[in-house]
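To start, the structure itself, in structure tokens.
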Amino acid sequence: MRYTTSFIVFCFLIFLQTNLVKGRTIRICDRKVEGNGTCGPNSNNICLDEFWKNPPSPRLAKSLEGCTCEPRGKRPKFKGLSHVCWCCWSYNSSNPAG
């Protein structure tokens with residue numbers, strides 16, 4: 001048990017040191033993509049496919065963390081069921097979007 005605890009503490013210290021050297025990581029979830037259809041069981045793949053069709057910038061695509069799908073129901077703009085995807089990415093506070 002003593003060696004397990006030491007290993008866990010050692011890993012935590014490495015994690016802490018890495019974050020102190022690199023700076024604080026900032027996570028942003030404001031990339032909104034709308035589309036036709038419902039979210040369904042493969043909603044993350046639907047959102048990622050829509051994101052990759054039109055990424056905001058090549059640098060941002062490197063730090064993409066994932067997307068979440070929200071059903072929006074029937075809306076006149078889409079002439080049927082629709083959904084909205086919110087995509088998140090992260091960057092280091094000392095080096096934005098890189």
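Just so you know, glycine gets a Cβ as well, placed from its N, Cα and C.
Keep in mind that this is a model prediction, so the values were computed, not measured.
A simple way to gauge crowding: the CB of C88 (disulfide bond) has 15 other CB atoms within 10 angstroms, across all the protein chains here. Under the heading disulfide bond, Swiss-Prot lists C29-C88 (among others), citing similarity to another entry as support.
Applying an 8 A CB threshold to same-chain residues 6+ apart, the list for C69 (disulfide bond) reads C39, S43, N44, I46, C47, H83, V84, C85. The disulfide bond feature in Swiss-Prot is assigned to C39-C69 (among others).
For the recorded site, C47 (disulfide bond), the DSSP three-state label reads helix. The Cβ of C47 (disulfide bond) has 24 neighbouring Cβ atoms from other residues within 10 Å, across all protein chains displayed. Residues or ranges marked as disulfide bond by Swiss-Prot: C47-C85 (among others).
Per Swiss-Prot, the feature disulfide bond maps to C67-C87 (among others); the stated evidence is similarity to another entry. Spatially close to C67 (disulfide bond) yet at least six residues away along the chain are V33, N44, C47, L48, F51, C85, W86, C87, C88, judged by Cβ distances under 8 angstroms.
Per Swiss-Prot, signal peptide is recorded for 1-23.
The number of other CB atoms found within 10 A of the CB of C87 (disulfide bond), across every protein chain shown, is 22.
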